[in-house]
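To keep things clear, I will list the structure first and then write my remarks on it.
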């Protein structure tokens, strides 16, 4: 008997652990462990928990067609989940447990624990690199060191792709059943989470629907990605990130489909190449997280980032979370996040810059809030994005590059179409005034159910520059 431990790899296709477990004739059982206390400490969004639950229900049906039962158990945290897997493997007589690696600190420690527990029971442990295009540590500089800057990392990845077969793994064949497998099937209970979940009916959760979403985007939309991706009112992004985050899709599947649909996928400045670059950004942040355990402990990548003296005004943080800052593009973005669990990528940069550079609030506050809301929350990508915006991460934007939220709105939502969708109070404001509606209200004696700006951008910009400059000039200690 082989046991496959599903984590953030909730797919039956292109799953290296599942395929390895299925190579021999042994019966295969899948297991997933809900860890509500661990999820709460990691700020898992109820929206993402809802998608995980829906995906598990669909995956159970997909695997059952191959005579592979999927058991869903519960443990408080990662430590208990390791014990639960080892005990279950022993109980069903499994000779080996198969899983795909996760690279964050807590996850790595959990896997060390389960490996030891299984060894004590005489059960083998096999773990596979399956999460990225390139496993952390495989793309190195000419000096044999991990990259700390994205552009050379990307170039190295593109070189490595030359001649590389990225064809997804084949679907495991249908298994022979037996009394033990039939018994496990008969004992399966409906998937139930103790952790809060939210409705995800707007998102496909079945294999067929997810794959069709990917195919349609790569076939019909990706060509326009470079030209349109920064405009939130335009449906130009793939919105595949939730599936990558929970492993319902693999990046190899995305790349293979991109290559099949777009012959110019390697040509610079094409939509396909730009979208591939985003997949490589995902690998880059996974690499940085895996190579620097301090990041999992909430430290800035740059040591001087720990010397930034944040204002951390709770009332301003609440205004930011609620979308009541008086800056329309920021507020519309936060309403999109709060209502849907998703936010356009350009807007993620705008609201993160605003929180850290205009409101002078610690990037970690924003990082945690995003994780608590995002259906596509992924630790490495979310952390990397926030550290980039706060100018304290690897290859981050310079601290003196501070987005003006008004001009960002004017540039990327010039007619206010996105703003009006999420801020109904501004529907009657003319286009030329939509980014500074308080001025229109004053000029034409109108009453708006919308706040004035909570800060003055020019004033806060000067303050931010001084604070960040002072932090850089502080003597630095080595990050733990």
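The backbone N, Cα and C atoms fix where each Cβ goes, and this holds for glycine too.
The FAD binding site feature in TrEMBL is assigned to 225, 237-241, 275, 278-285, 376-378. Under the heading domain 'Photolyase/cryptochrome alpha/beta', TrEMBL lists 1-133. The annotation site 'Electron transfer via tryptophanyl radical' is assigned in TrEMBL to 310, 363, 386.
TrEMBL feature annotations superimposed on the structure.
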residue	record	contacts (Cβ under 8 Å, 6+ apart)
225	FAD binding site	236, 237, 238, 271, 272, 274, 275
239	FAD binding site	213, 217, 342
280	FAD binding site	133, 150, 153, 154, 157, 158
283	FAD binding site	132, 133, 134, 139, 153, 157, 251
310	site 'Electron transfer via tryptophanyl radical'	360, 361, 362
363	site 'Electron transfer via tryptophanyl radical'	352, 355, 356, 386, 387, 389, 390, 392
376	FAD binding site	48, 241, 242, 244, 245, 342
**OP:** Mind giving me a neighbour count for residue 386 (site 'Electron transfer via tryptophanyl radical')? Other Cβ atoms within 10 Å of its Cβ, every protein chain shown.
**Re:** 25
